[in-house]
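Colleague: Just passing along the structure, written as structure tokens.
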Amino acid sequence: MKRLSSSPFVADAHGVRQRGRVRPALMWGVVALALVAGGGLWWWNKRAPAQGEQASAGAPGPGGGRAGGGRRGPGGPGGPGGPGAMGAQAQPVSVGVVERRDMRVLISAIGTMNPRATAVVRAKVSGELLRLHFKEGDEVKAGQLLAEIDPRSFQASFNQIQGTLQRDQALLKNAQLDLQRYKELQAQDSIAGQQVDTQAALVRQYQGTVAADQAQADAAKLQLSYTRITAPIAGRLGLRQADRGNVVNPSDANGIVTITQVKPIDAVFSVPEAHVGTLARRLAEGRELPVELWDRDLKQQLGRGRLNAVDNSIDIATGTIKAKAAFDNAEGRLFANQFVNVKLEVDRLEQALTVPTTAVQNNYVYLVQEDGTVTQRRIAVGVTDGDRVSVKGELKPGEQVVVDGIDRLREGAKVTVIEPDKVQKVDQAVQDASGQPRGMRNLPPDVRAKLATMNPDERKAYLQKLRAERGGQRNGGNGGSGGNGGNGGNVTAPAAEGSASAGQSPAPSPGSPQPSPGPAPATPSAPAAPAAPAPAGR
């Protein structure tokens, strides 16, 4: 029998080569790759159950993961979000109602209060100020005694002139009696006519002297009366400019006190020339144009009056015309030279479509729909009257528009309607407890209402608990961030990764009965590597 050669060496044209060295090296490489692949699959199957349990709070539903991959998928229809799920959470808002009502067409302006009269009370004679009979800020009547000046020198002058008057009056009386006797003697031809004429001239002289004395006496009496200083007009007193014991003079610039007449009082303001025709027509018709006065912040009404007059020329520099309105000022809330906000009613719109002013965002409002979502409605803004504004747009009476919480909304967002004061109360309570109101506004309305009933210590502990729960849910639920469940979902959704990669059952939700550990799922075996051929015997 012919012997078969077992030599690993063969001969060819190029020489001798080794025949069994290349194939075993290739086989061992395939074996190594198979072992690595098998180890990776074993590690993945061991990691997947633990990862599914952690992601149960926020994992997406079936189909959300990528088959066979360890990375999170885009997310599927998972459970609804919890406190941290902004996308599916209903935002708390307060609403106002669309209504039809009569609206006033108002002209707003800045005005100044002008008193009807102003008087500086000055001394009319020089002297020492003895007494003051008023208090600063008092309301006084015309003729009311305000102060007294030392009258003694004036009284002495008056007495002196009065004595001279009485003397001259006596001389006049005597001269008149002599003239009467002279006339009787002249009738009897007992006296010359020249003597009668001389006596008559003397009588007229004394009459002149008495008249001069009387005038001086009246002047002295008037000077004496000036020592009692009275109010020239009725009004409100200002601050005292002189104290008791001061020597006052008629030349004092500030006087003793100033009186301003503020009941009634006028407001002077400027109106754009575009409204001049309307104002003139209303005044010519005899219609009363109401005017309101408001404080600087437009929060408190100071008075109501009526338009009295319009100036006769337009200021070409400003394109406005001055107008004056009268106010009774019975409560005394208006002061001279006070700056006020004026609202002049020039017309009235009947049954106009209106919304609250706080609902208007530029040229749109958020309308609350029947399904609890909001949508933007474009509007054209008209006149404003108080807290309402007239609008034109696709709105109907009775519909609700958002007035508070607008900054957290977008098109199609879900909302929960709560009372406006409750929104402010909850926001304030959360801010006091945490100091981070922006983050806490994302809490559901029931949680926010619960916080409002807690004391500061309870709120702090409750918020810390929420933060801890949300932190744990974020760490385990990131795999479902792309789905509707979001981070921190309260309803457990099946783990996407387990369903898509290895076909595992969904991880149980926290708090549900835990199944007893069964046999581990079979790990797919790696393809069998071809066995290395045994070396042929010699």
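Every residue, even glycine, has its Cβ placed from backbone N, Cα and C.
Okay, these came from TrEMBL:
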type	residues	note
COMPBIAS	60-85	compositional bias 'Gly residues'
COMPBIAS	456-472	compositional bias 'Basic and acidic residues'
COMPBIAS	473-489	compositional bias 'Gly residues'
COMPBIAS	493-506	compositional bias 'Low complexity'
COMPBIAS	507-524	compositional bias 'Pro residues'
COMPBIAS	525-538	compositional bias 'Low complexity'
DOMAIN	118-260	domain 'Multidrug resistance protein MdtA-like barrel-sandwich hybrid'
DOMAIN	159-227	domain 'Multidrug resistance protein MdtA-like alpha-helical hairpin'
DOMAIN	352-417	domain 'YknX-like C-terminal permuted SH3-like'
TRANSMEM	25-44	transmembrane segment
Colleague: Do you know the mean pLDDT across the domain 'Multidrug resistance protein MdtA-like alpha-helical hairpin' (159-227)?
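Modeller: Summarising the domain 'Multidrug resistance protein MdtA-like alpha-helical hairpin' (159-227) by its mean pLDDT gives 92.
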Colleague: Could you give the number of helix, strand and coil residues in the domain 'Multidrug resistance protein MdtA-like barrel-sandwich hybrid' (118-260) as assigned by DSSP?
Modeller: 69 helix, 29 strand, 45 coil
Colleague: Counting by DSSP secondary structure, give me helix, strand and coil numbers for the compositional bias 'Basic and acidic residues' (456-472).
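Modeller: When I sort the residues of the compositional bias 'Basic and acidic residues' (456-472) into the three classes, I find 17 helix, 0 strand, 0 coil.
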